[in-house]
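**Q** OK, TrEMBL features for this one:
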ACT_SITE  19  active site, proton acceptor
ACT_SITE  22  active site, nucleophile
ACT_SITE  72  active site, proton donor
DOMAIN    4-102  domain 'ASCH'
């Protein structure tokens, strides 16, 4: 089964549903629509959720909008800064839309 990692600082936003997309580069675009993916923290590789991939859409950095920022639970300025820190000089990106399926919350099990 495929997996995806997120920085720890995004964990709560994923779990509470305020972050519903992730923007990645070409190396992480090959998720199959409908697949269930294990989600781990980047820093400690700690599992915390499963997500269902809903869509993978190509986008240019210059095409990012407030809508994308809202789906990432940040401002457009913050989103562009984060993306540039992670992917400096990358113009071709991919928006991965996902839905939370299960979490590490014991009340969810």
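Any Cβ shown, glycine's included, is placed from N, Cα and C.
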**Q** Just the number: how many Å between the Cα atoms of residue 72 (active site, proton donor) and the residue listed as 'active site, proton acceptor'?
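**A** Residue 72 (active site, proton donor) and the residue listed as 'active site, proton acceptor' have their Cα atoms 5 Å apart.
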**Q** Around the C-beta of the residue listed as 'active site, proton donor', how many further C-beta atoms are within 10 angstroms, looking at every protein chain?
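**A** Neighbour count, Cβ to Cβ under the 10 Å cut-off: 23.
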**Q** Around residue 19 (active site, proton acceptor), which residues of its chain at least 6 apart sit with Cβ under 8 Å of its Cβ?
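**A** 10, 13, 71, 72, 73 - these are the non-local Cβ neighbours of residue 19 (active site, proton acceptor), listed in sequence order.
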**Q** Which whole number is the mean pLDDT over the domain 'ASCH' (4-102)?
**A** 97
**Q** Under 8 Å Cβ-Cβ from residue 22 (active site, nucleophile), six or more apart in the same chain: what's there?
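**A** Counting only residues 6 or more apart in sequence, the Cβ neighbours of residue 22 (active site, nucleophile) under 8 Å are 4, 6, 72, 95, 96, 98.
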